[in-house]
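Enquirer: Just passing along the structure, written as C-alpha cells.
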Amino acid sequence: MTPILFVDRDGTLITEPADFQIDAYEKLRFVDGVIPAMLKLRDAGYQFVIVSNQDGLGSESYPQASFDGPNNLMLQIFASQGIVFREVLIDCSWPADNAPTRKPGVGLMVPYLQDRTIDWSRSAMVGDRITDIQFAQNLNIRGFQLRTEQFGGDWDWAGIAHELADAPRRAVVQRNTKETRIRVELDLDRVAEPHTATGLPFFDHMLEQIGKHGGFALDIRAEGDLHIDEHHTIEDTGLALGQALREALGDKRGIGRYGFDPDDSPWRVAGDTTQHGFTLPMDETIASAALDFSGRPYFVFDGDFKRERVGDMPTELVPHFFRSVCDASGLNLHLHVRGENDHHKVEGCFKALARALRQAIRREGTALPSTKGAL
C-alpha cells in the first residue's frame, strides 16, 4: 500500500504572486523548505500528485503556453533533486462554473478512489487555501494548510514532513471498569516531565521513572477502588500503559525493538551470571531489564522483597504490574533485581525497564525489525 501526498501548486510548491498567475519565468520561486521536506517524505514511501486550480487556463487572459514554460521548469528542477510527481492534475475552469473537477470537488480523483493500492490512512493533502482543506475532507484524508501571508495557515513544510514521515507516536487510552477509571496519554517522540496521579504516591513516583528515564512524555491519571485495596488500580494502570505503548508504536517500523545492555556493560558484576539486559545500579541494588517488542507477551521475574509493602505499594504487585504491561503491549520482558533495600529494588526495576524501553523504541530508520514481515 502506497501513501499519496496530494499537493497544491501555487502558494504550496511555488510562491504565489499578487496576480495569482505564474505565467512568466521570473515569477517562479520555490516555497521555503519544500524540497528537503519532500525528499524526506519520498524516503518515507510517499508518492506525489499535484492538484491545482488554474482559473481560465487556456483562455486569452491566461494562455496555455504562458503556463507551460514555468510549470515545466518547476517540474525539471524538482526532478533534478530526486522528486518526481506521479501525475499533475489541473482544473482549468472558473470559480463560477462550479465544476466537480475543481477543488474542493474531487472529480479529478475518480481513478485514485478506485485504486486499491493506495494507503488512504496515511495519505494527505497540502495546500495554502481553505479549499485545499475542504478537498482533503472530501477525500477523508488529513489536510495541512501551509502558512502564508495571503491565507493564514498553521504549518510549514518541515513540520508537515515531521508529522507524516516521522509519524509522531502518540496514544491516549481510557480504560473504564466498575473498579477503576484509568487514562494514559503518551508521546514517544516528545520529552516532557511526567505527570502521574493514581492516589498512591509511591506508585506515582515509580510511574514517573518510566517517563523520565524512558525519555518520553507520559501522563497517567487513575481513580480506583482504593477503599478495597490497591490491586485493581495498579493492575489496570499496567494494562492501560501497555495498551498505550502498543498503540503508539503502531506497526513498529524503524524501532530498535530490543532493549538490552551490551556484553561489555560497565555495570556488570563479575561472577553474577543472573544479570542481563539493561543493568542499572542503585546504591547496593542492581536491576536489569531485557525486552523485546515481539508481539508475544511473556514475563520473567527474578527477585524477591522482604517487606510486604513499600510506601503504599504492596511488593507482591510489583511483578504483577510489569506482567500487566507485558500482557497489554505484547512485550517480552525479563526483569532481574538483587539488593538489600526494598525501596531501591522496586525503583531499580522501574528505572531498568525505562532505560530498556528508551533503547527499544528509538527509531533507526523505516525498516520493520523482523524477517516475518509483521510484529
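Quick reminder: no glycine exception, Cβ is built from N, Cα and C everywhere.
Keep in mind that what you see is a predicted model, and the values were worked out from it rather than measured.
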Enquirer: Among D128, D154, D156, D166, which residue does Swiss-Prot annotate as binding Mg(2+) at the site that also has D8, D10?
Expert: D128
Enquirer: Between D8, D10, D128, which of the recorded positions has the fewest other CB atoms within 10 angstroms in the structure shown?
Expert: D10
Enquirer: When the pLDDT values for the region 'Histidinol-phosphatase' (1-168) are averaged, what is the result?
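Expert: Over the region 'Histidinol-phosphatase' (1-168), the predicted model scores a mean pLDDT of 93.
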